[in-house]
């Protein structure tokens with residue numbers, strides 16, 4: 001019976017062309033195109049939202065870390081009150097982080113506002129000093145030219161600056177710049193060689209942050225080697241933040257209770273609520289798009305099946321007259337609908353993957369970084385997202401197939417034969 005259903009479905013889906021070959025009915029092509037467009041929009045929306053989430057989180061975490069610990073008398077962007085960071089404390093923190101995330105790291109930092117001055121102009125920046133354990137892979141990824149300094153070295157006093165600052169000051173790799181610091185009492189001057197120029201596209205950070213050696217910042221602030229602006233924790237997976245946070249919180253609370261220093265610990269989300277809130281809002285948009293596109297695809301397929309049924313009323317009536325039951329005829333049109341659905345899914349997946357791959361490699365569609373934080377549309381192609389989208393689409397549309405085939409029960413053999 002399955003063979004008979006497929007045979008009749010093929011006869012309903014195709015017609016003889018002028019050249020003797022088989023051609024799909026126009027309504028079949030239109031229905032498949034409608035489903036394909038819905039799949040393309042759903043997949044691209046998921047690719048883009050996942051791309052935005054990963055890119056924005058990667059850049060935020062690259063600048064501020066997944067977790068930041070500092071003195072409670074400081075705001076999270078002004079670390080003027082030093083925090084005691086003895087090697088014993090850092091060792092205890094690493095002993096907590098490493099089992100959870102072997103690729104994670106804990107390092108100290110110190111920030112100080114300064115003014116880089118050239119012969120013709122000047123620019124205010126925050127020198128973000130980091131130690132030798134700092135993972136510079138983030139800045140290597142966005143390095144335009146030059147190289148990363150050897151952070152923590154006693155002999156390397158070079159800095160990384162953004163392309164925005166470099167262009168504004170008209171300086172480049174290898175040049176020396178004078179940087180002026182004011183600690184509230186006196187003016188201090190330091191010479192820095194420019195080791196490299198980076199560009200992340202994050203305007204708020206690119207315009208203000210220069211990366212340097214923590215030793216130089218401590219020198220400006222007259223801090224000892226055990227004093228820092230705070231500690232940052234970087235992880236390989238953002239999803240581990242809560243677990244690491246809970247474990248570190250217990251450690252720091254224990255130190256406070258035994259007469260140690262006070263601490264404040266914030267996550268990247270705590271420090272950038274607006275950006276994370278904007279990213280979370282994108283998830284809501286994707287859900288709406290998913291519902292709307294599946295609804296549109298369902299209506300397209302229902303309409304297509306109904307049109308095919310109406311076009312084949314004579315054939316349906318004849319089959320009924322020959323003894324074929326309504327259930328058997330509905331199975332035929334289930335095959336018809338599944339063929340349309342699979343054809344739409346095939347083309348939809350192919351087009352979405354092609355567009356996604358082109359955008360991922362060539363970044364053809366640009367954005368205003370001031371509005372979207374990124375200067376191009378990010379794409380993250382996920383196999384699981386593709387499989388889940390196809391599964392949801394297949395299940396939803398297959399269940400809806402039963403609706404149009406109910407018309408078959410109302411077709412009477414005698415009336416159908418006279419249908420024109």
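Using N, Cα and C of the backbone, Cβ positions are placed for all residues, glycine too.
Note: TrEMBL annotation is automatic and uncurated.
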Between 265-287, 288-310, which stretch does TrEMBL give the note transmembrane segment?
-> 288-310
For TrEMBL, the entry transmembrane segment belongs, out of 27-49, 50-72, to 27-49
Overall pLDDT of the domain 'ABC3 transporter permease C-terminal' (288-412), taken as the mean = 84
